[in-house]
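Quick look at what Swiss-Prot annotates:
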- HIS115: active site, pros-phosphohistidine intermediate (ACT_SITE)
- LYS9, PHE57, ARG85, THR91, ARG102, ASN112: ATP binding site (BINDING)
Amino acid sequence: MERTFLMIKPDGVQRNLVGEIIQRFETKGFTLVGLKMMQVSSELAEKHYAVHKERPFFRSLVDFITSSPVVAMVWQGEGVIASARKIIGATNPLNAEPGTIRGDFGISVGRNLIHGSDGPDTAKDEVSLWFSDAELANWTPAITPWVVE
């Protein structure tokens, strides 16, 4: 079963959107298999955003992610990576469709509420960066037969 990493960023936590964001993925029928609220260290933030290390916004991105707690999550389900990207919306909230998380709640690209893995390889790397195997639950919700064939 496919898994993806999602992180509600400090702005989403501070704006009390954690429940609303989680609900969107639960309602879709995906399974939450890992969840933790945490203060991100600079070391973890730098590893997570290493692909942006040479970009001019790297330091401000690391500073933002470490400024306040985040909610790190692992979700599981058929097509969860692509579907999560659609639920999240475009990186720039001003370009995000209404009905998406960023389209409904975001205003600024620097405060776009949530991060989601962009593909299977990234998802695998991000899940293992943020969670140990022991922190992930292997379970099947009772509703699964009502969601997927």
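In case you wondered, yes, glycine gets a Cβ from its N, Cα and C as well.
Feature map: annotations from Swiss-Prot on the structure.
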residue: LYS9; record: ATP binding site; contacts (Cβ under 8 Å, 6+ apart): PHE64, ILE65, VAL70, ARG111, ASN112, LEU113, ILE114, HIS115
residue: PHE57; record: ATP binding site; contacts (Cβ under 8 Å, 6+ apart): GLY110
residue: ARG85; record: ATP binding site; contacts (Cβ under 8 Å, 6+ apart): GLY116, ASP118
residue: THR91; record: ATP binding site; contacts (Cβ under 8 Å, 6+ apart): ARG102, VAL109, ASN112
Need the DSSP three-state call for ARG102 (ATP binding site) to compare against my parser. helix
Listed ATP-binding residues LYS9, PHE57, ARG85, THR91, ARG102, ASN112 - what's their greatest C-alpha to C-alpha distance in Å? 22
Per DSSP, three-state class assigned to LYS9 (ATP binding site): coil
Sparsest Cβ environment (other Cβ within 10 Å) among recorded positions ARG102, HIS115 belongs to HIS115
Within 10 Å of the Cβ of ASN112 (ATP binding site), how many other Cβ atoms can you find? Include all protein chains, please. 23
